[in-house]
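Per TrEMBL, the features are:
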| type | residues | note |
| --- | --- | --- |
| COMPBIAS | 417-431 | compositional bias 'Polar residues' |
| DOMAIN | 277-375 | domain 'PH' |
| DOMAIN | 500-625 | domain 'PID' |
| REGION | 399-432 | region 'Disordered' |
| REGION | 463-490 | region 'Disordered' |
Amino acid sequence: MPGIDKLPIEEALEDSPQTRSLLGVFEEDAAAISNYINQLFQAMHRVYDAQNELSAATHLTSKLLKEYEKQHFPLGGDDEVMTSTLQQFSKVIDELSSCHAVLSTQLADAMMFPITQFKERDLKEILTLKEVFQIASNDHDAAITRYSRLSKRRENEKIKAEVTEDVYTSRKKQHQTMMHYFCALNTLQYKKKIAMLEPLLGYMQAQISFFKMGSENLTEQLEEFLTNIGTSVQNVRREMECEIENMQQTVEDLEVASDPLYLPDPDPTKFPVHRNLTRKAGYLNARNKTGLVSSIWERQFYFTQGGNLMSQARGDVAGGLVMDIDNCSVMAVDCEDRRYCFQITSFDGKKSSILQAESKKDYEEWICTINNISKQIYLSENPEEIAARINQSALEAVTPSPSFQQRHESIRPLVQSRPTAAHTSSTGSVGSESATLSALSLDSLVAPDTPIQFDIISPVSEDLPGQAKSSGQTGRRANPFGESGGSKSETEDSILHQLFIVRFLGSMAVKSDESPDIVYETMRQILAARAIHNIFRMTESHLLVTCDCLKLIDPQTQVTRLRFPLPNVVLYATHQENKRLFGFVLKTSGGRVDNRQTSICYIFESNNEGEKICDSVGLAKQIAFHAELVSIFF
């Protein structure tokens, strides 16, 4: 190393301006050394802190890798290969963590300790000596000034002695302090080199030791393991890139294909209605009552699960049961001036829900799906195939009537009484069988291409056959229990009055009235026709059963819609499986053109009261029959 500049200690007593000027240079150098060493100390301390943090983080990483097998991931759990790989990594990283801990200790001893000692001891000593020297120099100057002011005329030996002693003491103190200060500044020129080189030497030695320990731990077996892992990572990366490309292509294809579906009500010609579904899911608006007349609509996700209708709010883990839709009924309804509304009524009629679909396609598919589920088609092995076969058979067998007026012009019956006893053997509820059942075929029951009537005629607009147009009947509100104010109703003398809520499904002419199969076949054709031709609306009425007749009464206006004379009701039955469906055959005389007798089968849906209605009709006929016998013999 080149020679080191020094302050001349021998000239400290002389204290010449040149010496003071050289001292100022050394003081500036000491201040620069102090500033630089502080910065270097901060940098090395950051290295030391980072190494401590790295050691702690490495240890934590190893600990977390060991705990991987204890984690419960919703996806990708029980991956034994991944678990064993991470365990191997955990062992290696744990060893590296130990090496990092050793490196932290070595950095503390070999790097941080020397530079800290120089900063805290040597540099602070220079500052202290500088302050002491400055005080001593000031005291010496003051003593010299007082000594110079001594008077030459009136000499005071005592004052002179004191001033002389003060000069002696202050000069001695300044000289000694100055010499120590010069020595410290000269020594600083050596210590600054040691203070910078020794920590760097310790840092490099600690790093070399760390790398040696790492080299010993990274054996050839570990290198092979790392090579295999690197190959696996590259394979996974290639698979990911391929999957990303496929997903991007899928997204582009779906964007193009789904563009028409962004409309809330897509074109039905491009997206036909699927009527053979036995499962359906999607968002619906549900009507929930909040008071007697107020209600709110809530949008939820609905789906079918077997024979159950489920709903699930956004964010819920699982869905909840809405209702059991086995043997349920579903129909279109008008609700609060909203489109695409339909109502589902449970089997027992105790629970119902009004839902709104987003589009006409969803609206029709939901109704068809619930109809298919209500028939329990989903329990078969190929439910959609069976549903398609049933719908196709119904499509081939049924042609609905385009005009309600044409339907009734040809079969307008006139009410004529028939002997009640002559047909009591052919009437009955579900379970009754005819002796000629095996001889009847479908064509002998219902003629092919028979038109179907899906609505009923109000007496306000049509002169119904079998209904005398009197002031007490047509256009007048009738009390279903025969209490009509001042005039006496025709059913007031009847001892039987039973009222049921029913919904009219349809009616059609039949060829025979001697077997319940007629009612079953008519039910099949009417239900199939409604499903195929999207006829979901049903007119709700009150069915009044008396000993004289059956009446369909408007529940709001109490106007009698249709009247069926009881003697003309020759056959009645409920559905063999769905007990809410029932029907009866009405025998009428000829119409206006000819006098041929006509049989018409009317089909209704009730709130789980089909058998009760049939039993009530049977009871009414028995009462009427006994009343007729009493009138004959007595």
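Backbone N, Cα and C define each Cβ position, glycine as well.
Annotations in TrEMBL come from automatic prediction, not curation.
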DSSP helix/strand/coil residue counts for the domain 'PID' (500-625): 35 helix, 53 strand, 38 coil
Summary of DSSP states over the domain 'PH' (277-375), given as helix, strand and coil counts: 15 helix, 46 strand, 38 coil
Mean per-residue pLDDT computed across the domain 'PH' (277-375): 88
